[in-house]
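S.K.: One structure, pasted below without further comment.
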Amino acid sequence: MDIDAYRYRPPKTNYLPHNIEIDDPLVQEYDIPLAKADDRENAIFFSKMKMAAQEYNIVRPKGYTVSYHATDEMEKHHFGQTHPMKPWRLTLTKSLVTSYGMPFAMDNYNTRHATYEELNAFHSSDYLDYLATAAPEDQPRDQDSEKEPKFNLGGSDCPLFHGLYDYCSMSAGTSLDAARKICNKQSDIAIAWGGGLHHAKKSEASGFCYINDIVLAILQLLRLYPRVLYIDIDVHHGDGVEEAFYSTDRVMTVSFHKYHPETFFPGTGGLEDNGPKSEHNPGAHHAINIPLNDGITDEQYENLFKTVIGSVNERFRPSAIALQCGADSLAGDRLGRFNLRVQGHGACVRYCKSLGVPMILFGGGGYTPRNVARAWAYETSIAIGAEASIPSTIPEHAPWRSHFIHDTLFPTLSQSLSEPRNNRNTEKRLREIVAHVNEQLRFVQHAPSVQNSIIPPDLGGIRDDVEDRLKEENEAHNEGLRKTREEGLGQAMEL
Ligand SMILES: [Zn+2]
């Protein structure tokens, strides 16, 4: 393979190490001009990548294809100096993925922007119009600002920054491209670390998420695959995706997250929240929530994950999987609360891969960039089946290497956390969670044979149908009651 045959665009901006001192790795300085690597630097880096691939035996996996969807353009955006979301974490991820030589085992695609029409498949036009035209604000508005935030835009969580619409449409484009490669069978595992923004709603930004790329990607998958299983291992509840597919039995959502109704965002996703309460609604029992407490360990999480997803897989028989790999569930995350290590997080990806159905891996949360990069690089190696052959020491030629602080892909808990977080998850509680999930799954029709004729983007239509049907049934029920009462009274009630 020579450099021209290498399908990833040759490294351009901020690919190579630049000696920039940053005091606080959590607060990234973005106003530093990122020097453009010249052709010679690119060629040197490329040859090191190639050598790494040979040394670590990075080859295309046998019997299946992995595709990697990314764009350098996303990395340049920033939400503001103090905002925890740092697109720069994608740069660090790329640093590890490329320096281990992993691109040689994958089809690498440079992502395009999603079009307005594509975003419109889920998001409302008035929301998109505002998102595309609202003026950027250098300072997020504070809570008691006189200006009412429209669509929840412009506050401290979802600031209006320069290039916002571009950023959102690239994130969505990444996930849509991944979904399309899965649908046309050009890929079996498609990786979209720039996506995974699970909180965004139809007409509202929420929790650092503006466009719900996951919903858009699942809508694509539903064109071909009868049943899609959405799994979310971000530390936050995957509320936006759950809500979007609330009334359908073609998508089952399973979210593992820290749950506290008052003190932890978004406050939803309790154990008893399993979709619509009415049995007449096809979406009933198709939302599974695994509420957890601070400090859960790799061992507990992995056991719970395999037990729950094993049962869900058995019952629901998904034909495709959408896995959101939010890395804020890792120990030492700036916003997270768990004690997961890179290995424990990655074990979920490995298990899903073992189920042998087409899968998209999305990014998501993750606010300590160096650890986000570790997790997503390790999970990329799992996708290509190279997790056992890559060395745990980060390659010497990895760009931005000093930003990883420790030179290992697998920091210990004490390396990730300044003080250990107490584990507040008892075995008894975890057993209760499993029992509840199994109880819910009893109501799920075994591998429901759904009609593919109901395909998105009519999903809104499905919900309307369901609501209309419920209304009719309700009216019929009331009519029945009225008649009974009339008969009891022996006279007409109405005038
Ligand atoms: Zn999160």
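Glycine is no exception: its Cβ is also placed from the backbone N, Cα and C atoms.
Copied straight from TrEMBL:
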- 83-381: domain 'Histone deacetylase' (DOMAIN)
- Asp157, Gly207, Tyr367: substrate binding site (BINDING)
- His199: active site, proton acceptor (ACT_SITE)
- Asp234, His236, Asp328: divalent metal cation binding site (BINDING)
- 474-495: region 'Disordered' (REGION)
- 474-488: compositional bias 'Basic and acidic residues' (COMPBIAS)
S.K.: Let me know the largest Cα to Cα distance in Å among the substrate-binding residues Asp157, Gly207, Tyr367, as an integer.
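M.R.: Between the outermost Cα atoms of Asp157, Gly207, Tyr367, the distance is 13 Å.
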S.K.: Please check each of the binding-site residues Asp157, Gly207, Tyr367 and report the ones with a CB atom less than 6 Å from an atom of ligand 1, ordered along the sequence.
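M.R.: Checking each Cβ against ligand 1, none of them comes under 6 Å.
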S.K.: Using Cα-Cα distances with a 10 Å cut-off, which of the recorded positions His199, Asp234, Asp328 are near Gly207 (substrate binding site)?
M.R.: His199
S.K.: Just checking: which of Asp234, His236, Tyr367 have a Cα that is within 10 Å of the Cα of the residue listed as 'active site, proton acceptor', counting only these binding-site residues?
M.R.: His236
S.K.: Give me the non-local Cβ neighbours of Asp157 (substrate binding site): same chain, 6+ apart in sequence, Cβ-Cβ under 8 Å, ordered along the sequence.
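M.R.: The list for Asp157 (substrate binding site) reads Ala205, Ser206, Gly207, Phe208, given in order along the sequence.
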S.K.: Quick one: which residues besides Asp234, His236, Asp328 have a Cβ within 8 Å of the divalent metal cation site's Cβ centroid, in sequence order?
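M.R.: Other same-chain residues near the divalent metal cation site: His198, Val235, His257, Gly326, Ser329, Leu335, Gly336, Gly364, Gly365, Gly366.
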S.K.: Given Asp328 (divalent metal cation binding site) and Tyr367 (substrate binding site), what distance in Å do their CA atoms have, once rounded to a whole number?
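M.R.: About 6 Å separates the two Cα atoms.
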S.K.: Using C-alpha atoms only, work out the spacing between Asp234 (divalent metal cation binding site) and Tyr367 (substrate binding site) and round it to an integer in Å.
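M.R.: Their Cα atoms are separated by 11 Å.
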